[in-house]
Amino acid sequence: MEKVLVFGHKNPDTDAICSAIAYAELKKELGMNAEPVRLGEISGETQFALDYFKVEGPRFVETVANEVDNVILVDHNERQQSANDIESVRVLEVIDHHRIANFETSDPIYYRCEPVGCTATILNKMYKENGVTIRKEVAGLMLSAIISDSLLFKSPTCTEQDVAAARELAEIADVDADNYGLEMLKAGADLSGKTMEQLISLDAKEFQMGNAKVEIAQVNAVDTNDVLVHQAELEKVISAVVEEKGLDLFLFVVTDILTNDSVGLAIGKAANVVEKAYNVPLENNTATLKGVVSRKKQIVPVLTEAFQA
């Protein structure tokens, strides 16, 4: 039987990794030869979850057409966020919870996108719809994905469906969601030992906003000053990325997991759009974004609207 690769976006977060594992397992249970893979490094937060539930992380690939003809995308759909040679393979399915952009296929596909906080929430439904029992370890990873994407249920992207799914999965995984979740988020917020290049690419996504090419990277921290003390070095590596990729804006967002506020560091010729979008002044290229924790709901649509205005 021909193999199908299942993967999330580049610079994968916990949902991208864990949903690839969970969905590949469901597809295998349903008779498909599916393998989860990843398009980037595993973050400290994700590694904490993998270690806790004793699951091996997916192998890394840069290209997919050299291995398979067919792939399944989870937690993304935009071409620039996917495998480098995504145009050379057939996308069979997409399971996602983001905006749909820069995506088209030559054949009809199974496309499931729901306005929930996490791909794993959708997968929880799909396991039940197909009558497949979720293994304890996989339930733990799916729970981890929801906790990560919802910032332990505090993000505005978090829905009642996400909370309900998390409670179900926590029971299967036999963990206390709140206690486990806080430990996992703290592990993800430990940025010690990271280079500046790693910091700006840990969770970075590229977007087309009107005619502008924008990259938004986000890291969680217990104290934003722990990251911003390196601002001069960060600006240097971000400026290099802006030049290399021809970006109009690179927005580096540092989110405080305790206060649920963020600080944005804006570099590029369109940095002023951040001021317009949030009605805040940039001082020394930074601005405090009160109550902003979600790239998907509070940054991407706000900036997109500002660029298109």
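The backbone N, Cα and C atoms fix where each Cβ goes, glycine too.
These features come from Swiss-Prot:
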| type | residues | note |
| --- | --- | --- |
| BINDING | His9, Asp13, Asp75 | Mn(2+) 1 binding site |
| BINDING | Asp15, Asp75, His97, Asp149 | Mn(2+) 2 binding site |
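Taking the features listed in Swiss-Prot, we show where each one sits on the structure.
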| residue | record | Cβ neighbours (10 Å) |
| --- | --- | --- |
| His9 | Mn(2+) 1 binding site | 28 |
| Asp13 | Mn(2+) 1 binding site | 25 |
| Asp15 | Mn(2+) 2 binding site | 31 |
| Asp75 | Mn(2+) 1 binding site | 29 |
| His97 | Mn(2+) 2 binding site | 25 |
| Asp149 | Mn(2+) 2 binding site | 26 |
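Other than Asp15, Asp75, His97, Asp149, the residues of this chain whose Cβ falls within 8 Å of the Cβ centroid of the Mn(2+) 2 site are, in sequence order, Gly8, Asp13, Ala16, Ser19, Asp96, His98, Gly117, Cys118, Thr119, Ala120, Ala145. Cα distances from Asp149 (Mn(2+) 2 binding site) to the binding-site residues His9, Asp13, Asp75 are smallest for Asp13. Other residues of the same chain near the Mn(2+) 1 site, with their Cβ within 8 Å of the Cβ centroid of His9, Asp13, Asp75, are Gly8, Asn11, Pro12, Asp15, Ala16, Ile17, Ser19, Val74, His76, Gln81, Thr119, Lys205. Comparing Asp13 (Mn(2+) 1 binding site) with His97 (Mn(2+) 2 binding site), their Cα atoms are 14 Å apart once rounded.
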